[in-house]
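TrEMBL annotations:
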- 76-263: domain 'Polycystin' (DOMAIN)
- Cys144-Cys157: disulfide bond (DISULFID)
- 230-252: transmembrane segment (TRANSMEM)
- 272-295: transmembrane segment (TRANSMEM)
- 328-472: domain 'Polycystin cation channel PKD1/PKD2' (DOMAIN)
- 347-365: transmembrane segment (TRANSMEM)
- 385-408: transmembrane segment (TRANSMEM)
- 445-470: transmembrane segment (TRANSMEM)
Amino acid sequence: TKPRFYSTYGQIQYTSEEDTKQALIKLAIFYVYLICITIVCENLSSEYWHHSIVGVRTLFEKPKYMPKSRVISMREVITIEMFWNYMEFVVLPLFHGVKFNNDVKWEPHLVESYPAVYGKLFLNESLFLGAPRLRQVRVRSGTCSVNGAFIRYFNTCMAPYSRSAELQKPVYKGTLYKTNRELGATTVHGRINSYLTGGYIQSLTFSESENRDIIRGLKESKWLDRGSRLVLLEFAIFNINLQVIITVKLIFEIMPTGLINTLYKSHILPANLSIISTSWLNLLCSSIVFIINFYNTFVEIKKLYLNGWKIYFTQFTTVLELSRVLVDGDFIPLDYKAMFFNLHNDILAFLMFISWLLLLKFMSFNPVLVTLGQSMRMAANDLGAFTIMFLITFTAYGNLGVLLFGGVSEYFKDFPTAFLTMVRIIVTDFNYFELEYVSPILGAIFFLSYVMIIYFVLLNMFLAIIVLSYRTAASSVTHKPVFLWYYIRKQLYRWTNGICKAPKYP
C-alpha cells in the first residue's frame, strides 16, 4: 500500500538552512509570547491581595475575650452555645467596631462626610456590599430509626445531612427557605459534606443594636438545634483603595453528635473582571497574546486538515498546543463571579505552564533530548502498565489504612485522604509516629511493608523501564544533520565581514 503523506507544515526542524531560519523566527516570536503571557499572569494577582485575605482571616480566627475573662475563637467553636457566643462577642464587634468607653461617641471621619455609610464600614476602609446574612441547612426529624432501648430518651432521630433528608419547608421559626438559584449562591464545600442547596435565611442589618437583638432572639428561640447540619455566615466587602471585592464565608458544620467543625473561606477579586490592570504594558502584552494565539489556532487547524485526525492527535505537542485556548465569563452574583474569576486564573496559569513546556519542541537540535523523547514514546505502554500497578498498590493500602486507622488518624479518615497519604509517604511528608500511637504493631507493619514494596520493587521497575527504553532508543534513532550552529556562524561570518571564522558545512 502507498504510504500516507505526512506534512511537515508547522513543525520545528533544523535539517536545512531554510528550515533553521524559519525555526529561529518562530523561536523569537515564541519568546515574545512567553514574556507577554508571563507579564499578564503576574498582573492577575497582587501582594496586597494576599495580605488582605490573610488579615481578614486573622481577624475572625484570632481569640477574643468574653465576659468573666473567658476567651473564644473560631477554632474553639465546638458547640451551638459557643457559636452564639462567637457571633455576639467576636463577629458583631468586628462588624461595628469595639467600644471601650460607651460615654465617648467615636465615628470615622468618612461617616461625618457621608452619613449614608453609617454602619456599613468595615475597618473604616471597606464598605459592606449588602448586609451580612446567616444561612441554615436542616434535616427532617424521623429520618433514621431509633433503637427500642432508647425510645424513652430520644423519641425522634436526626440523620446526617443528605439531599433526601433535608428539610425544605417554606418557613422555619420566622425564616424563609430559599434555593441556591434564588440566593445566587454556589455549592458550599465543608470538611464533611458538600451542600448543593440553599437554606433558611436570616438577614442581619447595619445596626449593632438590631443585630445583637437578632442574634439573641435566634438563640432564645433555639433556631439551631438537633436538626441543624450547617450554619453559614456570609458577607462581602468592597475596598475602595484597591478596587477589590472580598467575599467571606464562615462555615460551621454541625455533626449528628452535636459537635461543630469550623471552616473559613474567602475569595478576593477585582471589582471589574474585564480590567485587571490598565497599564499600557499589560494591555500591550494582552493584545500580543491574543494575536499570537489566534495565529497558532490557524496553524493547528491547517495541520489538522493536512495530516488528518489520527496523525494529528498522536503527537504530544498537539496536546500542548490545543491547551492554549481561553474562555471568558462574567456573572453578577458574587459567588459566581468569584468562582469564574478563580477559574479564569486557573486557566491562565495552566496556559502559562503549557507555554513554557512548549519550549521543548524548539530543542530538537539536541540529540540527547531527541533520544529521550523517543525513549519515552517507546516506554509508553510499559509505563501505562506500571501506572496501573502503582494505582492498585495505592488503592489496596489506602483501603487498609482506612479500616485500620480511620477512626483515629486524620491521615486515613476517608479513602480520598488515605489515597493522598499513600502518595505523601513516598515523598516523606508523613508523621509515622501517629500510626505508631494508634497501633504500635499494625502501624509498623503497615508502614514498613508499604515502603519496601514501593521503594525496593516498584520504583526499581520504573527505573529499569526508563533505562532499557533509553538504551534501545539510543541505538535505533538516526540523527539528521543539524544546521542550527552552521546557520548562526554563517550569519556572524557575514555580519563581521569575515572576522569570525567561517563555518563548516554539516
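Placement of Cβ uses the backbone N, Cα and C atoms for every residue, glycine included.
Note that the structure is predicted; figures quoted are calculated from it, not measured.
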Legend entry - Per-residue Cβ crowding (10 Å cut-off), top of disulfide-bonded residues Cys144, Cys157: Cys157
Inset, instruction - Tally the residues of the domain 'Polycystin cation channel PKD1/PKD2' (328-472) by DSSP class, grouping H, G and I as helix, E and B as strand, and everything else as coil. - result: 123 helix, 0 strand, 22 coil
Inset, instruction - Let me know the model's mean pLDDT on the domain 'Polycystin' (76-263). - result: 84
